[in-house]
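Chemist: Let me give you the structure first, and then I'll get to my questions.
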Amino acid sequence: MSESEQLLEKQQDHKWDAATHADKGITIKTGKIAVSSSDIPLRNRKGLLTWDQLEPWQQDNQYIISGYRPPSFSFYLCVKSIFHVHNESVNIWTHLFGAIVFLFFIFKSELILKRDTTTAEDVYVITVFLFSAFTMLGCSTFYHTISNHSDDVSKFGNKLDYLGIVVMIVGSFIPCLHYAFACHANFRTLYIGTIIGIGVIVASTCLLDRFRQPEWRPYRALIFVLMGLFGIFPVIHALKIFSFSEILVRMGLVWLLLQGLFYIVGAVIYALRIPEKWSPGKYDVFGSSHQWFHVCVIIAAFCHFHGVCIAYDYFHERRGCGEM
């Protein structure tokens, strides 16, 4: 660690001590909310900041009253904070765990692609999904780790976080569309090309500064949900070609529906800011809406993973298009 980083760490420790020993009579006011800092458990405040002590660029959810890391202006200190408890801890560790799991399968894809009839196309489409999941979870982990660095770095990380979501949605579609329309190449190309085009448009929107503003929270959730709901069209199309029972395994449809359910539930919780909206200050470190959103995303990603594996197995059990 350089001398400048050591100095920054000492300055940060001083800020944390100041926050810890702040007058117990302080009252935090956020809109119509008024919460006394004496009501916030000391374990949640030690070395951390409260809402009213934040810089404007750090303020996003007024119902999260405490547990904020001070601006660090140091990537080293941001990474070091991973091993401390604060209101980003759950967000960081849930998606870090998921990123590690998907990275493992990227390098150990033979654990999934076990069929003798596996082709280069199988390797490609499944690797695309695994990489997209890793990208989304990795970008999310990165953003929540460095979100307290500085205004500019936080903005960059936030945009990267949203781009990761777009990559995940597009990457999730590709293996499902590949196996659903494996024997209908024109339809497969049409749907894959369409979702990639939609992804480019949404990604461009994510780069706009206004997209990350707190008032855009419900619109962000809606845009990503609508992007995912594009999947309704190829499913309806596939039902006109195949029986419902066949679609269940050809696309791993049950698991895709479960994935969609968890994504939608997570997005609704995220947009409505529940449960912290009902009891500001109670869910600052554990149990806030963003944390539940992260849990839903992890579960959804693994549901989709299982569905893709079912589609892969079914395709090779039927020996490709030979028996279709």
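Any Cβ shown, glycine's included, is placed from N, Cα and C.
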Chemist: Report, based on Swiss-Prot, whether Thr118 and Arg217 occupy the same side of the membrane.
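Modeler: Each on a different face of the membrane, per the record.
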Chemist: Taking all residues of the topological domain 'Cytoplasmic' (273-291) together, what is their mean pLDDT?
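Modeler: Averaging the confidence scores along the topological domain 'Cytoplasmic' (273-291) gives 96.
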Chemist: Among 163-183, 189-209, 252-272, 292-312, which stretch has the most Cβ pairs under 8 Å to the transmembrane segment (123-143)?
Modeler: 163-183
Chemist: Go through the chain and flag residues at least 6 beyond the ends of the topological domain 'Extracellular' (184-188) whose CB is under 8 A from any CB in it; none is fine as an answer.
Modeler: 177-178, 234, 237, 241
